[in-house]
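Peer 1: According to TrEMBL, the protein carries these features:
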COMPBIAS  15-24  compositional bias 'Basic and acidic residues'
DOMAIN    45-72  domain 'C2H2-type'
DOMAIN    73-100  domain 'C2H2-type'
DOMAIN    113-140  domain 'C2H2-type'
DOMAIN    141-170  domain 'C2H2-type'
DOMAIN    171-198  domain 'C2H2-type'
DOMAIN    199-226  domain 'C2H2-type'
DOMAIN    227-249  domain 'C2H2-type'
REGION    1-37  region 'Disordered'
Amino acid sequence: CLERDYRGSSGEPQQPHDAEEAEKSLSTSEHLKKHLQRSTGKRTHCCSDCEKRFTSSSGIKINQRTHTGEKSYSCGQCGKSFGRSCHLTQHKRIHTGEKSYTCGQCGKREKPYSCGQCGKRFATSSALTLHQRIHTGDKPYSCGQCGKRFSFTTSSILTVHQRRHTGEKPYSCGQCGKSFGQSGELTVHQRTHTGEKPYSCGKCGKSFGQSGHLTQHKRTHTGEKPYSCGQCDKRYSDKRSLIKHQKIHGVVS
């Protein structure tokens, strides 16, 4: 049975009436067990691989991924995978530009990392490092098949590229059997079956299955045209339109 020795974060016994109030707030004995483990710091869950101990089963599950290499959280944009959802959330800011520091009063966010070359700001230091390679031209990863080099901060992007040579497509759709080289591509594809459109426009409410499509759509409201022709300086809101235009000049991408 459970001991009735309630202790605070300092390890000192609490007063009886405090213990009674704590117990009232916990609806089940299982919740009480977890509460007691957090209060006393008792680590009852042990990892069989490294013998590290944890106060909860969720803690040990996260730890075990460091041994198995399991990365169940994938980015829908680039296919990069992570072992923890919080790491995926942080990574996504590279694509969305989402600011990681939010004011609780007004909701304003900031980008604390600034590029010394152009002044562009970023939510994470890793995003800044990736951006700076635009200026330095640093491409530390190369493909052994074609020699193509990459400036990405992780070698996982190179692994995805190499599948173009090998034809490997390890991610299969359970609905139609179609296979993909990236887990993110599979995630996006599966939305054609489910109809899921998780990205919504704040201006008109239109929804999209991919964040990139939402970004492109938003330009119909803002008038932004980030793609310019080097031959005549004509500008476009999406890369596909620019490539189509450049054929007039005889430029083939």
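Quick reminder: no glycine exception, Cβ is built from N, Cα and C everywhere.
Can you tell me where each of these features sits in the structure?
Peer 2: Looking just at the domain 'C2H2-type' (45-72), the mean pLDDT is 73.
Residue counts for the domain 'C2H2-type' (73-100) under DSSP, helix first, then strand, then coil, are 12 helix, 4 strand, 12 coil.
Beyond the domain 'C2H2-type' (141-170), the same-chain residues lying 6 or more positions past its ends with a Cβ under 8 Å from any Cβ of the stretch are 78-81, 126, 129-130, 133-134, 179-182.
With a cut-off of 8 Å between Cβ atoms, the residues of this chain six or more beyond the domain 'C2H2-type' (171-198) that come close are 74-81, 160, 163-164, 207-210.
Distant neighbours of the domain 'C2H2-type' (199-226): 76-77, 95-96, 188, 191-192, 235-238; these residues of the same chain sit at least 6 beyond its ends, with a Cβ under 8 Å from one of its Cβ atoms.
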Peer 1: May I ask for the residues of the chain that lie six or more residues beyond the domain 'C2H2-type' (227-249) and have a Cβ under 8 Å from a Cβ within it?
Peer 2: 216, 219-220
